[in-house]
Amino acid sequence: MNSSNNNDSSSSNSNMNNSLSPTLVTHSDASMGSGRASPDNSHMGRGIWNPSYVNQGSQRSPQQQHQNHHQQQQQQQQQQQQNSQFCFVNPWNEEKVTNSQQNLVYPPQYDDLNSNESLDAYRRRKSSLVVPPARAPAPNPFQYDSYPAYTSSNTSLAGNSSGQYPSGYQQQQQQVYQQGAIHPSQFGSRFVPSLYDRQDFQRRQSLAATNYSSNFSSLNSNTNQGTNSIPVMSPYRRLSAYPPSTSPPLQPPFKQLRRDEVQGQKLSIPQMQLCNSKNDLQPVLNATPKFRRASLNSKTISPLVSVTKSLITTYSLCSPEFTYQTSKNPKRVLTKPSEGKCNNGFDNINSDYILYVNDVLGVEQNRKYLVLDILGQGTFGQVVKCQNLLTKEILAVKVVKSRTEYLTQSITEAKILELLNQKIDPTNKHHFLRMYDSFVHKNHLCLVFELLSNNLYELLKQNKFHGLSIQLIRTFTTQILDSLCVLKESKLIHCDLKPENILLCAPDKPELKIIDFGSSCEEARTVYTYIQSRFYRAPEIILGIPYSTSIDMWSLGCIVAELFLGIPIFPGASEYNQLTRIIDTLGYPPSWMIDMGKNSGKFMKKLAPEESSSSTQKHRMKTIEEFCREYNIVEKPSKQYFKWRKLPDIIRNYRYPKSIQNSQELIDQEMQNRECLIHFLGGVLNLNPLERWTPQQAMLHPFITKQEFTGEWFPPGSSLPGPSEKHDDAKGQQSEYGSANDSSNNAGHNYVYNPSSATGGADSVDIGAISKRKENTSGDISNNFAVTHSVQEGPTSAFNKLHIVEE
């Protein structure tokens with residue numbers, strides 16, 4: 001700037017200082033010797049002791065003083081805008097700028113502007129006047145922990161004298177002083193333009209902030225004593241928010257950047273293309289940069305980690321008052337649906353108690369079971385994983401529905417488990433579930449059990465529904481048979497034996513336990529007729545015949561076959577489809593069962609004499625068309641999961657494990673084990689419940705005892721009932737059963753004690769052998785025979801006249 005501008009600036013500063021004096025005097029009337037001059041001192045030569053001025057100031061009211069002070073400030077601002085001139089200095093220590101186009105990109109119409117023109121011509125500029133340097137990637141964040149202090153020797157303005165300034169600000173002041181672009185007396189002016197705003201250094205530093213150098217000495221202190229501690233500012237706008245990243249000796253090629261900007265760059269506008277298929281897509285893979293903002297080599301914290309894994313720490317840094325406790329988390333609901341509809345809002349529409357995580361059960365009866373998670377949900381209610389807050393033990397709690405029918409059934413289960421745990425199996429050796437406690441919570445019966453692992457169905461699912469090894473099947477079958485032996489001796493029926501109700505004690509041990517005695521009953525009190533899950537339902541239940549503990553043996557046979565095959569052997573979609581699958585695989589049940597069954601007429605059709613293929617075949621299964629037409633339902637044909645229909649063929653032709661496919665010796669051993677398994681399944685899957693093996697008999701089979709299987713095996717001391725002169729009805733039923741085995745429709749069926757049929761042969765049952773073994777039968781009705789204790793309504797002569805003597 002020229003000297004005239006300097007004089008104007010100095011005069012404006014003096015006027016500003018003089019204009020502040022009246023306010024200072026009026027605010028401090030007692031300090032009359034303050035040495036400040038009135039606005040008239042420069043013209044009248046009077047000091048502050050002018051009586052007219054003192055009297056005039058003392059007579060003014062505070063409101064008038066405030067208005068005058070406001071008017072004076074407006075005049076000062078207008079005078080400053082008129083007197084201040086714009087001065088730009090190259091911040092990168094380039095040669096002295098004489099023409100604005102040498103370092104600024106201005107339109108042609110401003111070429112003739114000289115340095116004395118007003119700044120008003122430049123207010124319309126929207127583009128940045130300075131091209132900022134590139135930011136350094138992956139900086140060291142500890143570099144900005146502290147800045148070199150920049151303090152002034154003058155403390156006339158206390159509010160601005162204690163701040164710290166970065167070295168970039170000092171660097172610019174040093175360059176401006178060395179170039180002589182501004183007179184030293186103007187360094188104290190607050191309107192000298194600067195690249196730096198003090199607010200820029202109070203903002204949060206970026207992860208890629210620039211590198212400030214502190215290799216420059218501070219400015220001389222012999223500047224204007226009034227405002228030398230205020231940072232140099234631009235009157236209207238900051239030129240750039242980014243200070244230079246290098247020191248003057250290492251000048252970056254900014255000339256090339258400005259030259260490119262003058263020449264202009266072509267903008268790449270993205271174009272939209274129609275894509276009809278994925279082949280039209282042409283993705284561009286950008287190369288990964290060598291250095292990233294948040295890398296393993298940098299000391300910065302990844303923003304992604306700070307807002308995810310370390311979110312609590314981030315909140316704590318932002319607000320010291322922030323606290324977090326997991327106990328205050330909203331409780332996660334475990335029951336679906338979770339809307340309260342019954343029981344004062346505690347139950348949903350299905351009468352299930354609405355459970356939440358961290359709920360405490362049993363408080364009303366001095367129990368404390370903390371709910372952790374849900375284990376399962378069924379028709380009876382829910383099973384949740386809980387912790388006993390008194391003993392710190394992890395348990396399973398069964399929360400029964402609040403309906404009366406489910407409550408009655410659960411009370412029966414609790415009584416049976418109490419009988420098993422305390423009297424029948426107090427030593428916990430026979431693989432029964434242990435019940436520890438029972439209580440009522442919000443009108444719901446809660447049973448506390450030991451916590452077990454996965455069930456057998458989940459085990460098959462983990463094995464991708466491939467069959468297990470015969471050795472593991474033998475281990476599981478032995479434990480289940482041990483439990484069934486205890487139940488038969490106690491005259492108890494489980495009534496719902498299936499893979500879902502057989503649980504592993506631990507995921508790494510082949511130890512089992514039987515659960516869910518909610519459907520259990522005593523042999524003498526068989527009240528319900530619709531029991532068992534469909535896949536494992538015995539034929540006598542489907543036909544409507546009185547049942548006994550033999551139905552559990554049928555379920556065991558279905559479970560063993562499923563463990564070997566990986567899928568259920570009889571996956572019926574309905575009762576009609578279930579009975580169809582059983583007959584296709586094992587043959588027709590004996591005629592006395594069909595005649596005696598209450599539901600036989602629903603699935604069977606009695607043959608006319610001319611339609612019967614033999615004198616003993618009196619019934620046949622209804623076709624799908626006949627069954628659907630009669631009951632007005634839609635029944636789909638059975639889906640075949642196996643290539644073969646008969647049980648022996650299914651077992652023999654099941655795929656070999658990969659571990660033995662290359663060894664003929666291992667294959668021969670596998671086939672021998674399969675023949676033993678076929679014979680075992682033939683005994684427990686006998687359609688006749690009177691001839692079906694008991695648990696005690698099955699425990700002696702070579703498949704369980706690992707004895708050598710020669711192809712023939714009979715339970716020790718067992719005998720089959722045969723024709724008897726005393727019991728004509730029994731004779732007719734047995735002869736009818738034996739002759740039915742001769743029909744070609746039952747060829748290949750594995751009948752109970754015939755070894756040839758167990759190997760898949762078509763020979764009929766040897767009636768002579770059966771007649772010889774009948775001599776060992778006793779004439780008295782055995783009280784141990786289960787069916788005699790479960791007789792319901794209807795004819796029972798066949799059950800009362802047949803008997804088996806058990807050891």
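Glycine is no exception: its Cβ is also placed from the backbone N, Cα and C atoms.
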According to Swiss-Prot, L375, G376, Q377, G378, T379, F380, G381, Q382, V383 bind ATP, and the residue from K341, K398, K415 that belongs to that same site is K398
Out of S19, S115, S718, Swiss-Prot gives the annotation phosphoserine to S115
From the set S185, S229, S245, S600, Swiss-Prot tags as phosphoserine just S245
According to Swiss-Prot, of the residues S28, S153, S206, the one annotated as phosphoserine is S206
Same-chain neighbours of the ATP site, Cβ within 8 Å of the mean position of the Cβ atoms of L375, G376, Q377, G378, T379, F380, G381, Q382, V383, K398 and not counting those residues, run in sequence order as V399
CB contacts under 8 angstroms to Q377 (ATP binding site), restricted to the same chain and 6+ apart in sequence, sorted by sequence, are T335, D352, V383
Cβ-Cβ distance under 8 Å, sequence separation of 6 or more, same chain as D496 (active site, proton acceptor); the residues meeting this, in order, are D516, G518, S519, S520, I531, Q532, S533
Between the two most distant Cα atoms of the ATP-binding residues L375, G376, Q377, G378, T379, F380, G381, Q382, V383, K398, the distance in Å is 14
Rounding to whole Å, the Cα atoms of L375 (ATP binding site) and Y530 (phosphotyrosine) are apart by 27
Spacing of the two Cα atoms, T379 (ATP binding site) and Y530 (phosphotyrosine), in whole angstrom, works out to 15
A correct count of other C-beta atoms within 10 Å of the C-beta of T379 (ATP binding site) gives 9
For the binding-site residues L375, V383, the largest set of other C-beta atoms within 10 Å encircles the C-beta of V383
The mean pLDDT across the domain 'Protein kinase' (369-704) is 94
